[in-house]
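Here's the structure we're looking at; comments come further down.
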Amino acid sequence: MENPLCFSIFLFLCILIQSSARGQSLGPESFGRRSRAAETNETSQETRTRFLLFRGETDKGCQIRLNRSDTLQHCGFNSSLPLVMIVHGWLVDGILEDWVWEMAAALKSQLAQPVNVGLAEWVTLAHNHYTTAVRNTRLVGQEIAALLQWLQESVQFSPSHVHLIGYSLGAHVSGFAGSYMSRKHKIGRITGLDAAGPLFEKASFSDRLSPDDANFVDAIHTFTWEHMGLSVGIKQPIAHYDFYPNGGSYQPGCHFLELYKHFAKHGLNAITQTVKCAHERSVHLFIDSLLHADMQSTAYMCRDMDSFSQGLCLSCKKGRCNTLGYHTRQERQSKKSKSLFLVTRAQSPFKVYHYQFKIRFNQTENPVEPTFTVSFLGTRGERQKIPITLSRGITSNETYSFLITLDVDIGELIMIKFKWENSVVWSNVWNTVQTIIPWGRESLHSGLALKSIRVKVGETQQRMTFCSENMNDLQLHPAQEKTFVRCEANSETLKRKIR
C-alpha cells in the first residue's frame, strides 16, 4: 500500500467482501428476479424486521406490529402526518449506531411541520457476513412494503406521504421496498445515504436503489474512493439527484492523519471510526441539514469535480442547483440522474460559500507558475490570505477560472487584495536584478499585468467585477499585493454599509 490510509481502507473493503469466500457467490441467481407487489400478501404477521415509532426526542421506540391496529394507537401513529422512516445498514457488531438516535431526535425536534418518525430495525438480518446481509436486503424491503400497504388499507395512509432514509445497505433496502409497491401507490421519497457499493456497483436498476423506486429519489455519495475495483459507497448515479460532496470520493477531516483525534473520542475503535468516517459523513450531512435550517448547503450540477474546482458550474438556471439534505427541492423528472457537486467543511455546520473567480493576465512573455493569495473584505466580515493554486502555468491573454470557498458569510464583497506569494529567495533575486539592470526595469515590470477580477457567488448568483485601485499601475511583482475594488456605480453604497 502507498500509505496507511490506503491500507486501512483496503482492510475495510476486505471485511465487506470476506463472506464471499465462506458463503455463496452473489450473481443474479442468488438475488432472484424482482418480485411483484402481490408477493407482499404472503408476508406473515410476525416480520423479521421490527418497526419502531418514536414518540419523543429521547424515546427508544415503540414497536408497531403488522396487522395489529392497536399498536398504531398505542405508539401514537398520526395518519394525518407524513411518515419518515430510517433504515440502517450492515452492522458489524450487531449494535445500532448512535447516528440512528441522533437523526430520529433531529426529525422529531427540528421540523416546522411535525412528522411520524420511524425506524426499520433489521439487526438480526444485518448482523451477518456482508454477502448474507446483502441477500437479506430484499426480504427487509418486502416487509417494509407490506407495512406500508397495511397502513394504506387499515388507516388510508398514502405511501406518497412516506419518506425512507436508508444508509449504506439500508439505501438498497429502501429501493427494494419501493419496487414492491404498485405503480399507482408509489413511495413519496427515498433518500440514499452513501448507498453500499460492493455487489451493487454497475448492477441493473432492478438490483439496487434507482430513480423508479419512488416519486423522488435523492442520494448523497461520500466514500466512493475505489481500490481494486471496489468502493465502500456506490459511485454511479442512482437517483434523480445525486450529490457528491467534495467530489464524493473522500471527505475532509477523515484522513488517516486525523486518527489521533479519533483515539481521544473512540479509544481502541479509532481505526474503525477513521475508516468509517467518510462513509458515515453522508448521514451527518443529512442531520446537519435538519439542525441548521438557516445554513443549508447548495450543490451545483457539473460534469465532474475537476470542472467544479475551476468554478465552472455555479449556475442555478433551469434547476441546475439544489439543496443538500432533508430540504432538497423535489422535482418530478425523467429517470436520467443529475449529478451535483459542492464543497463542505470538515465538521458541522458543514456549509461553505462558493465563489468563482476569473482573472486574465496580460504582458506575460514566458509562462510562469506563481502562487497567489487573496484576501476579502465584505459587508459582514473579512478573510485573509486564502491560497490559490492555478491548474497550469500562466500565459499571456488567457482567462483563468478557479473556485474559492469561505466557511463564513462575509456578506457582499467590497474589496479584494491579490498577492503574488513567492519565497523570500525569489523576492531577493527579483530586487537584485532590478538593482543590477536598471535599464531593464520597464521590461521586467511587464511580467504580470492584472486589470480586473470577475466574481460569481454561487449562493446568491450575484456577478461582480473588481478593478485595480490604481489603474495607472497594473503590474504585479513577486511579494507584491494589489487592491481591487468594485467597478460598479453602486460600490460607494456598499462601502457605506460597513461604516
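Every residue gets a Cβ built from N, Cα and C, even glycine.
Those TrEMBL annotations? Automatic predictions, nothing curated.
Feature annotations, reproduced from TrEMBL:
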- Ser168: active site, nucleophile (ACT_SITE)
- Asp194: active site, charge relay system (ACT_SITE)
- His279: active site, charge relay system (ACT_SITE)
- Arg208, Asp213: Ca(2+) binding site (BINDING)
- 353-486: domain 'PLAT' (DOMAIN)
- 24-44: region 'Disordered' (REGION)
- 1-21: signal peptide (SIGNAL)
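Taking Ser168 (active site, nucleophile) as the reference point, the recorded positions whose C-alpha atoms are within 10 Å of its C-alpha, out of Arg208, Asp213, His279, are His279. Using a 10 Å radius centred on the Cβ of Asp194 (active site, charge relay system) and all shown protein chains, the other Cβ atoms total 29. Of all the recorded positions in the record (Arg208, Asp213, His279), the one with the smallest CA separation from Asp194 (active site, charge relay system) is His279. A distance of 23 Å separates the Cα atom of His279 (active site, charge relay system) from that of Asp213 (Ca(2+) binding site). Just so you know, the Cβ of His279 (active site, charge relay system) picks up 25 other Cβ atoms within 10 Å once every protein chain is counted. Here the recorded positions are Ser168, Arg208, Asp213, and the one whose Cβ sees the fewest other Cβ atoms within 10 Å is Arg208. Residues belonging to the domain 'PLAT' (353-486) score a mean pLDDT of 81 in the model.
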